[in-house]
Structure formats: structure tokens, C-alpha cells
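*Asks:* What follows is a structure written as C-alpha cells; I'll ask about it next.
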Amino acid sequence: MIIKSSEYAVSAVKEEQYPKDNLPEIALAGRSNVGKSSLINTLLKRKNLARTSSQPGKTQTLNFYLVNDDFYLVDVPGYGYAKVSQKRRQEFGEMIQDYLETRPNLKGLIILIDSRHEPTKDDISMYEYAQYLNIPILVVCTKMDKIKKNQTNKVMTGLRKKLDLNYDHVTVLTFSSVTKFHVTELGNWIEDKISQ
């Protein structure tokens, strides 16, 4: 996928605030601090388009990024951040649920999982929920530069077991925003989904 242009479009917490142009959308979901913003910046070759933070829980809205005037990448608030109140967590959950269930132009969901840790209950719930909704899924193991090369197979085996992955239906990629590992494959998956 060749990136010609990319820009922040809008932040939304409800359907009335979503873009109205019916362009296809690819959403990114994952735990707080898993690397969603870094993945967006790396993929779009922009240093600070999506704000990165070492402090978890910074993204609190659905952030839409217009790419090539052709489709949107949608950064979803991170889940599993303990320092957010129960009420706020519930609001995030409802916002994400409404988006995933009602958005007809959602063409795929990229679920990011930190390669240094096993998938959490929240990761598993998000994966199963997306499957239930029949949303095409790409699972991305982030921060691969932080683990030793000889640990890759162990990480992938653990992920496959924990999520009960069937590779016929779900694509899995390892990824690093530092080394740019699998950026091309990520772009190809997105291109395939938005063209369907």
C-alpha cells in the first residue's frame, strides 16, 4: 500500500460524530499502551500523527485518520487500564461496542497484542466478540523488537493456544514500529479488506 496522504479527521464518542462520507474503515483495538498509535504512525510514515504516550489510557475517543482520501484508520480507546474508573471503563466499552456493532463501513479489525505478555482476558474477549460479529480480524503481535529472536516461535505458539486461533480464518503478524518489521504485510492486509 502506497501512502500518499494521511491526516487526523475527527474524534468521536457517538455515531452522530462519525465521518459521513461512507469510506471504508479499519479499526485498531488493544490494551492500553500496546502500541496502536505507534503502529498508525509507522504505517502512515508520520512521526506524530497519532499521539503516542508512555502513560496508559490517553486515547479516550474513537480517533479517525483519513488515509489517501480513500479510507479511515480508527484508533479505539485501549482496554484494561486499571486506573480508569469503573464508570469510565463501562462508557469506553459501550462506545466501542456501539461502533463495532453498528458501523456498516467497518471492513476489518486489527487486534494488537503485546508480544512480551500472554493475551489477557480482555484480548480474548475482543477477539471472540469480533469473531461473533463476523468482522475480518488481523492479530498483530507488537513490540517484537523487545523480545529475543529465538522467542518468536514461543510467542506465536502461546498466542495460538490462548486465542484458539485458526489460521485459515485469521491472519497473524509480528510487528515492530522500531524495525518496521511486517509494515508491508500490514498495508497489504488493509488494502485487501478495504477493496472488498
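Backbone N, Cα and C define each Cβ position, glycine as well.
Predicted, not measured: the structure shown is a model, and the values here were computed from it.
The domain 'EngB-type G' annotation in Swiss-Prot covers 22-196 and is backed by sequence analysis. Annotated GTP binding site per Swiss-Prot: 30-37, 57-61, 75-78, 142-145, 175-177, in sequence order. Taken from Swiss-Prot, the feature Mg(2+) binding site covers SER37, THR59.
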*Asks:* Let me make sure I understand the structure: which of the binding-site residues listed (ASN33, SER37, THR61) has the fewest other Cβ atoms within 10 A of its Cβ?
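*Replies:* Result for the binding-site residues ASN33, SER37, THR61: minimum number of other Cβ atoms within 10 Å at THR61.
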*Asks:* What kind of secondary structure is PRO77 (GTP binding site) part of, going by DSSP in three states?
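*Replies:* In three-state terms, PRO77 (GTP binding site) counts as coil.
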*Asks:* In the predicted model, what is the mean pLDDT computed over the domain 'EngB-type G' (22-196)?
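*Replies:* Mean pLDDT across the domain 'EngB-type G' (22-196) comes out at 86.
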*Asks:* Within 10 Å of the Cβ of GLY30 (GTP binding site), how many other Cβ atoms can you find? Include all protein chains, please.
*Replies:* 26
*Asks:* When the number of other CB atoms within 10 A of each residue's CB is tallied over all shown chains, which of the binding-site residues LYS36, LYS143 has the maximum?
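*Replies:* By the 10 Å Cβ neighbour count, LYS36 comes out on top.
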*Asks:* Give the number of CB atoms, excluding that of PHE175 (GTP binding site) itself, located within 10 Å of its CB.
*Replies:* 26
*Asks:* Can you see whether DSSP assigns LYS36 (GTP binding site) to helix, strand or coil?
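*Replies:* The residue in question, LYS36 (GTP binding site), is helix (DSSP, three-state).
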*Asks:* Mind giving me a neighbour count for PRO77 (GTP binding site)? Other Cβ atoms within 10 Å of its Cβ, every protein chain shown.
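*Replies:* Excluding its own Cβ, the number within 10 Å is 24.
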*Asks:* Write down the Cα-Cα distance for SER37 (Mg(2+) binding site) and PRO77 (GTP binding site), rounded and given in Å.
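*Replies:* Pair distance, Cα basis, whole Å: 11 Å.
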*Asks:* According to DSSP, which of helix, strand or coil covers GLY30 (GTP binding site)?
*Replies:* strand
*Asks:* How many Å separate the Cα atoms of LYS143 (GTP binding site) and SER37 (Mg(2+) binding site)?
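*Replies:* LYS143 (GTP binding site) and SER37 (Mg(2+) binding site) have their Cα atoms 12 Å apart.
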